[in-house]
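Chemist: Handing you a structure now.
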Ligand SMILES: Nc1nc(=O)c2c([nH]1)NC[C@@H]1CN(c3ccc(C(=O)N[C@@H](CCC(=O)O)C(=O)O)cc3)CN21
Ligand SMILES: CC(C)C(=O)C(=O)O
Ligand SMILES: [Mg+2]
C-alpha cells in the first residue's frame, strides 16, 4: 500500500507556515468520525478539517446552517481520538460566532476544551475581524475562510464562482492580508478564479488552502466523501473523484442482500 511521505512527526500550525516557506504543498481533507479519520490520518494527510459540511454529508441537510456547536464538538472529539499526526481544524458553525466577539470566543473555547481540536476556522473577512482577534488573543489558532462562504448562501443565492469582479477581488486580497496581519495561520479560499487565488497566495506568507481555487495556491482541501465518490449527486468542476465508492458500496450491499435471501450467508465456517 502506498502512503504519503511523513517527514513531520506531528503537524502544528508552525509546520504549515514552514511548509509554505519551503514550497511544500499542504494536503487537507475533511473527516467527521473516528473510523474515517483513522484512515485519513494513517494515509499521511497534513490537516483534517472537521467541516460544518457534516451538516450536508452526515446529517443530510441542504445547507451548512443547521448544524449546532454541540454537534460539531461531537464530530470533532471523534476525529481527535483517531489521529496521531494530522492537525485537526474545526469549523465554528453558523450562529456560534456572528453575534459578537465574546460569543465567538466562548464557542472557540468550547471546541478546544470539549473536542481537543487544535484550531478553529471561521468564514469571513473584516466583518468578523474583532471576533478573530479575540479568539487569537486567547491562544487559539485561527484559520480564515474567504471566497465562497457557504454559511452566507442565502445572501448570495448560488454556489457560483466568487470574486469575478474587480471590486470583489480587491476586497478579497485586502481581507487575506488583514487575516495574516492579525495572526491567522492559514486561509481557505473557496471557488475563486485560479489567477486571483495565485495572486492572493503570493501576497501573504501564511498558507492559502484552495478548494476550486486552482493550483497556484499552497495546498488543497476536498470533502472526503466527495473525493471517495460517495456523494454521487455532487459533481462541481473542482472535484476529482479518486474512487467510486457509491458504486462499490451499492454492489457490496446488494450482494449481501442476495446472500442473506439465498441462505448463502452465513456458511458453515461463519457460524459457531
Ligand atoms: N459534499 C459537500 N462537498 C462540499 O464541497 C461542500 C459541502 N458538501 N457542503 C458545504 C460546502 C458547500 N460547497 C459547495 C457547494 C456547491 C458547489 C458548486 O459548485 N455547486 C454547483 C454549481 C453551482 C452554481 O454554479 O450555481 C455544482 O456544479 O455542483 C461548490 C461548493 C462546498 N462545501
Ligand atoms: C469545504 C471546506 C473548506 C469546509 O469548510 C467544510 O467542509 O465545511
Ligand atoms: Mg465549512
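Each Cβ is built from the backbone N, Cα and C atoms, and glycine gets one as well.
Whatever TrEMBL says is automated annotation, not expert-curated.
The following feature annotations were taken from TrEMBL:
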| type | residues | note |
| --- | --- | --- |
| BINDING | 52, 91, 123 | Mg(2+) binding site |
| BINDING | 52, 53, 91, 121 | 3-methyl-2-oxobutanoate binding site |
| ACT_SITE | 190 | active site, proton acceptor |
Chemist: Which one is closest to the residue listed as 'active site, proton acceptor' in space, judged by CA to CA distance, out of the binding-site residues 52, 53, 91, 121, 123?
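Modeler: That would be 123, nearest by Cα distance.
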Chemist: According to DSSP, collapsed to three classes, what secondary structure does residue 123 (Mg(2+) binding site) have?
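Modeler: Going by the DSSP assignment, residue 123 (Mg(2+) binding site) belongs to neither helix nor strand, so it counts as coil.
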Chemist: According to DSSP, does residue 190 (active site, proton acceptor) fall in a helix, a strand, or coil?
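Modeler: Its secondary structure by DSSP: strand.
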Chemist: Those binding-site residues, 52, 53, 91, 123: which ones have a Cβ sitting under 6 Å from ligand 2?
Modeler: 52, 53, 91
Chemist: Restricting to the record's 3-methyl-2-oxobutanoate-binding residues (52, 53, 91, 121), give me the longest CA-CA distance in Å as a whole number.
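Modeler: Looking at 52, 53, 91, 121 as a set, their Cα atoms extend up to 13 Å apart.
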Chemist: Ten-angstrom check, please: count other Cβ atoms within 10 Å of the Cβ of residue 190 (active site, proton acceptor), all chains counted.
Modeler: 22
Chemist: Report the same-chain neighbours of residue 121 (3-methyl-2-oxobutanoate binding site): residues 6+ apart in sequence with Cβ closer than 8 Å to its Cβ, ordered by sequence.
Modeler: 49, 89, 90, 91, 92, 142, 143, 144, 145, 188
